[in-house]
Amino acid sequence: MPVKTITLNNGVAMPEIGLGTWKADEEGILAKTIKKAVDLGYRHIDCAKIYGNQKEIGKALSELTVPRKDLFIVSKIWQNVHRPELVAGALDDILDELQLEYLDLLLIHWPYAQKPESDTMNPTVDDLDNVPIMDTWRAMEALLDSGKVRSIGVSNFNQAILEKMIPQCRVVPAVNQVEIHPYNQAPELVKFCQENNIVVTGYCPLGGTKISVMDDDFIKRVANAHACTPAQVALSWSLARGVVVIPKSTNELRLEQNLKTVTLTSDEMRMFSKIEKHERKVDPGRDLKELEWVFHEDTAACPLI
Ligand code: A2P
């Protein structure tokens, strides 16, 4: 059965379950995983320049028999191409790696800039660059006219940043991709985005490997009640909130399982608020005072909008 789609603010349909590819980069495994996933019905594949595996993904994509128009391919620009004059080239580079003529969605990976020579995931203050996010966003908007990208959006943007940004946008971001799972539920951000017609995609929807959402007693009880697995409960909870999910797995059975969700009762949905822990797995700037504005909703300290 085809995965259901959600309609973005520009009318483009995005499958609500996608395949995550971060850290799924062991040589050879990723290509096999993509082929298996597409055979199973996945059409949405979430990539990023910084994951360092787009060439392997590109090769796998080039060998698929599914028509390009049936796929929904997402990628993200890294912080070292935020200078507006670098954005179009960054998209060309991504398209080249993925062997594609266009992307369905291009995201700004994080709301702060790094210097062009800095491609680290753990920046120090010397890596940072003073590029206002709206300068980068205007360059993203210009990409829509090139036909090389159907939709544009953001990732890891908090409400304070979006509130400053939206009134200045010609094109409001179609998507905000953020870390969402039962231990990091972000209800206010989800509500704000949805009220502003921004679809939320939740990355690490299973909590990744470090956070034991799948060992949670409540989630296990709900899974028992629905004769399904804790992973399916976690994904079903996100989807019921209108949050798109991009679980990653390299295991065929789990890939298949993650496409089969269940309908949770309203009581079960309500009870999830009791297991919230505000526990984030991905927080690269946590040790850098200059990036506190990225991780905390402190607008006053957000200098670059
Ligand atoms: P594996 O590739 O062996 O299936 P997230 O997408 O939240 O980052 O979580 C990914 C992690 O969860 C991976 O380690 C993946 O391992 C595992 N995983 C993915 N799907 C399932 C599932 N249905 N049940 C249990 N673990 C899963």
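Glycine is no exception: its Cβ is also placed from the backbone N, Cα and C atoms.
Taken from TrEMBL, the feature domain 'NADP-dependent oxidoreductase' applies to 16-275. Summarised as a single figure, the pLDDT of the domain 'NADP-dependent oxidoreductase' (16-275) averages 95.
What TrEMBL lists as active site, proton donor is TYR51. There are 20 other CB atoms within 10 A of the CB of TYR51 (active site, proton donor), with all protein chains counted.
Under a cutoff of 8 A between CB atoms, and with a sequence separation of 6+ in the same chain, the neighbours of LYS76 (site 'Lowers pKa of active site Tyr') are CYS47, ALA48, LYS49, ILE50, LEU106, LEU107, ILE108, HIS109, SER155, GLN177. Taken from TrEMBL, the feature site 'Lowers pKa of active site Tyr' covers LYS76.
For HIS109, the entry in TrEMBL reads substrate binding site. Taking the Cβ of HIS109 (substrate binding site) as centre and 10 Å as the limit, one finds 20 other Cβ atoms among all the protein chains shown.
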